[in-house]
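Undergrad: Got a structure for you, written out below as structure tokens; questions coming shortly.
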Amino acid sequence: AYPGFVGKDETLEPISTEVQGTIPTWINGNLLRNGPGKFEFGNTHYNHWFDGMAMLHQFKIEEGRVTYKSRFLQSDAFKKNSERDRIMVSEFGTLAMPDPCKNFFHEAIYFLITDSTDNASVSFVKYKGDYYVSTETNFMHKVDPESLDKFIAVNGATAHPHYDPDGTTYNMGNSYGSAIYNIIKVPPERTEATDTLQGAKVLCSIVPANKSCPSYYHSFAMSENYVVFIEQPIKMDLLKIVTCKLRGKPLSEGIFWDPKQETVFHLIDKHTGQVISVKYYTKALSNFHQINAFEEDGFLMLDICASDDGQAINNYLIQNLRKSGDALDEVSVKLRTCAHTQTIIHPLDILSLLYIANVSCSDLHGDDLHEYGGLEFPQINYSRYNTRQYRYFYGCGFRHLVGDSLLKMDLKDKGLYPSEPVFVPSPDAVDEDDGVILSVVLTPTQVTLLFHNIRNNLDAADVFLLTWTLVSTAGFCKINRDFWHNWFSSPHPE
């Protein structure tokens, strides 16, 4: 069984570790990770991987040493569940049910009017120099990256914003009352010390192709001049979602894959907020994460991780993920949908026309990527190469239901349970791949923080399975957690 799906206690006091090798002296800061860490309260349990209570993790790297600590996000959902020692707030795949030992009518009314969960278990994001944890709902929590304490809760958007070099932040959020997609722009300046998201504005709004069934989205893409929104055939039946409690069904029952529909790409001018009248179409694709987007010779090049099957979101049930041996292998083969890397090419010389264009799709990889089950959780040298032409990206290979390899992709010369890698550039870096990759690898008995010098083996194959020069490792035998996304918090930001 994958070790990440068993809930564990917090580690409130930092614990140290034995370091093998030498950690580069220029790496100082916090590797912050977020993910589900508790799947039961009393006799009640969650059904889906997305449902677990958020646990925040900090790997502090300082002067060649590493310590670890963690704590549960003190969300309202976590507090309500803890107070009653049962699931009181519904999550994506789990419907909270009334307590049969309490007054039936009181409990029924409570569960029908309870607000959405604020369990922000997906990632760390940054606005105006402050750190927040976020998820798919409109709740974010401002947190202290040192203590992992929660400051305040605010309304937010996706767990994957984009940033301009000046600190301007772009994100997306829904307005389900009127069924539209909103592109949000947050200025980098603070007006006062207590400023959170003041000054944020809706850059533009996009009307769904079907207002009663808008598309689910996890993230979006951005080039130098455009925001790119992918309206994919993973749909949300709003009627089923708003009536899920009345029908006794979890929210996940309202999300479905419609392979008969095409994927639509919307381009928005970042400077004016104008939604480009041209609509770009391709076959049905499901997409969670984009790699990069840049403009070149009159084209917008969009590199993404995509799959031809969009049903995976409803497949990650805890009962499946906790299986072991042949049973887990059988589930993995049955449910796994490989996400492969693709370039979507958008011609920009037709933007002034009322036009429907079919975009060109091509693979970013050779056949050898199939051996690793595809690639997800992509990362690049973001601070220097986001929105620009680039050569390298990194991610996890998925030969099983969860990641089991770390991959480096070379776009020029094509040819364990690790978590999403994070690229940390060296302070005097000149080349794009001059730096270190950090990743946390889980085994049934320990967690290891890996440091990889990724400038080696450039003449080898285009996919590297943990074959980069290993600089050092830091092992933590007391941690047995699951992670989604990460952020490296440096004491000396660029």
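The backbone N, Cα and C atoms fix where each Cβ goes, glycine too.
Curation does not apply to TrEMBL; its annotations are automatic.
According to TrEMBL, the protein carries these features:
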{"type": "BINDING", "residues": "His160, His218, His289", "note": "Fe cation binding site"}
Undergrad: Report the residues of the chain - excluding His160, His218, His289 - with C-beta within 8 Å of the mean position of the site's C-beta atoms, for the recorded Fe cation site, in sequence order.
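TA: Other same-chain residues near the Fe cation site: Thr158, Ala159, Ser219, Phe220, Phe288, Gln290.
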Undergrad: Can you give me the same-chain residues 6 or more apart in sequence from His289 (Fe cation binding site) with a CB-CB distance under 8 Å?
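TA: Within the chain, His289 (Fe cation binding site) has Cβ neighbours under 8 Å at His160, His218, Ser219, Ile304, Cys305, Glu376, Phe377, Pro378.
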Undergrad: When a 10 Å sphere is centred on the Cβ of His218 (Fe cation binding site), how many other Cβ atoms does it contain?
TA: 19
Undergrad: 10 Å Cβ neighbour count around His160 (Fe cation binding site)?
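TA: Result for His160 (Fe cation binding site): 20 neighbouring Cβ atoms inside 10 Å.
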